[in-house]
Amino acid sequence: MRSRNDHVFSLFLLVFGLYAVVFIYNTSFVVDGVRVFSLFDDAMVSMTYARNLAEGHGLVWHAGEQPVEGFSNPAWVGFMALIHLLPIPTEKTSLLVQCAGIVILGLNLGLVRKIASTFEPRRPRVWVVSVLFTAFYLPLVNWTLQGMEVGLLALIVSFACLRILQRRERRKPDRILYLVLAASTFVRMDATVTAVALLGYLAVRDRLWRHGVEGLGWVVGAIALQTVGRALYYGDLLPNTYYLKMTGFPANLRIARGALVFLDMMRSTGWILFLVPWIAAVRRRREGALVLAVPFLGLSAYSIYVGGDAWEWWGGTNRYITAAVPGMFVLLALTTSDALEVVARHVGEAIRPAARGAIWLFLATALVQGNKLHDNPASIYQWLLMSSPLHVEENEWMVNFARVLTAGANPGDTIAVVWAGTVPYHSGMHCVDMLGKADPVISRRPMHTARTGSPYRAFFPGHLKWDYSYSIGRLQPDIISDFVGDPADAGQFLSTYRKDVV
């Protein structure tokens with residue numbers, strides 16, 4: 001028989017589902033009388049690879065090209081390929097990915113509820129707060145419903161933490177946990193960080209050294225399998241995106257930028273994610289609460305090392321760290337629940353209601369502050385579904401541009417693009433990737449450095465490598481959609497082009 005808590009959670013799922021549906025609708029737009037659903041441009045790169053795989057061309061950006069691994073999420077690309085086996089028009093394939101995102105986020109809410117109830121089975125306010133903050137955390141919702149694998153990684157992190165908590169008293173190896181952590185590296189290779197962090201926690205905190213070593217063996221085996229497959233298919237040991245983001249720039253400046261943007265994020269949401277949750281993590285460490293903070297610590301350190309994400313300016317936790325945030329929300333809920341207990345036991349009746357009200361007011365303020373990303377007012381409107389999500393206007397322009405190309409360009413024309421996902425996918429035409437995500441020549445070039453501003457903030461992952469002499473001068477695309485950096489640098493290669501406004 002369903003309990004009252006089950007009914008409340010079902011209501012949560014219903015409200016969240018409606019919220020997510022409206023969010024997805026806000027990512028869509030009408031082109032030539034047809035409503036189009038399109039994902040974040042990085043996700044559209046994966047969709048292009050997925051469609052080519054589904055059509056039998058292999059895991060390539062363009063059919064007939066030399067294979068280049070311009071993605072870092074093979075399992076997610078594989079899932080997208082399955083969608084492309086269905087008889088669905090191009091304008092609607094992204095919608096299925098977004099609907100899958102709703103399911104993934106809903107499943108994660110169920111796990112978050114179970115994690116919270118593991119600590120406080122008789123105080124539903126803990127899981128209610130945990131689920132509320134997780135369900136309506138804009139970075140998690142945005143990246144997942146715009147087609148990124150962030151939600152799936154969050155689901156895996158939640159599952160792993162719950163599994164560890166539920167089996168704390170058992171001393172036997174948990175091979176289901178090891179399998180899930182190993183499989184997560186196929187979703188995204190840098191999920192290895194979370195896997196190693198959690199296995200390290202098991203080895204050190206619970207003194208299960210043998211289990212940690214065995215689990216690490218599973219993870220290493222998964223990475224080795226991917227590496228062998230990559231070497232055989234792509235002729236390389238690492239994804240092209242590794243060379244694009246991690247080479248050609250001073251490591252000290254890259255790490256400095258990672259630290260600075262992390263501090264920016266800590267400043268904007270610090271009292272929510274960096275102070276309050278740690279009270280419960282420390283106070284309840286004997287109950288295993290620290291395991292919820294371990295992925296956050298590991299992914300934060302990794303984010304600093306790789307220099308952060310390209311969309312740090314948007315605010316909130318970036319795509320690396322967001323997967324670990326639900327665990328921090330559980331710790332936040334535990335801390336405030338403990339505070340309410342202190343009030344109930346030690347605060348006089350005269351001021352007890354005011355003290356309780358202050359705690360609940362803090363939570364309400366924290367919910368809003370956590371979604372007011374980097375003091376960016378636009379994020380609040382996006383969170384409240386009052387404006388289009390991140391980059392939807394650019395998506396609409398690119399789909400319109402793709403339609404213009406399809407209607408007016410010659411069938412064999414090639415297009416030089418800066419945004420390597422949406423235009424290639426919706427036009428189906430051969431493109432030149434000027435930023436090098438799918439071009440091994442560009443990805444191995446040195447990065448351009450900023451001519452002004454602090455050198456410690458100059459790193460901009462995935463967007464600092466281009467070479468007009470190669471992409472335009474040598475490859476000679478028929479159409480150039482956009483420029484990166486200073487367009488004047490391309491001037492000497494543009495004598496045979498004419499300028500049209502689309």
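Glycine too: its Cβ is placed from the backbone N, Cα and C atoms.
Copied over from TrEMBL:
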| type | residues | note |
| --- | --- | --- |
| TRANSMEM | 7-25 | transmembrane segment |
| TRANSMEM | 95-112 | transmembrane segment |
| TRANSMEM | 124-141 | transmembrane segment |
| TRANSMEM | 147-165 | transmembrane segment |
| TRANSMEM | 177-204 | transmembrane segment |
| TRANSMEM | 255-276 | transmembrane segment |
| TRANSMEM | 288-308 | transmembrane segment |
| TRANSMEM | 320-343 | transmembrane segment |
Interface check, the transmembrane segment (124-141) with the transmembrane segment (7-25), three or more C-beta pairs under 8 A: yes
The transmembrane segment (7-25) touching the transmembrane segment (255-276) per 3+ Cβ pairs under 8 Å rule: no
Range from 7-25, 95-112, 147-165, 177-204, 288-308 with most C-beta pairs under 8 A to the transmembrane segment (320-343): 288-308
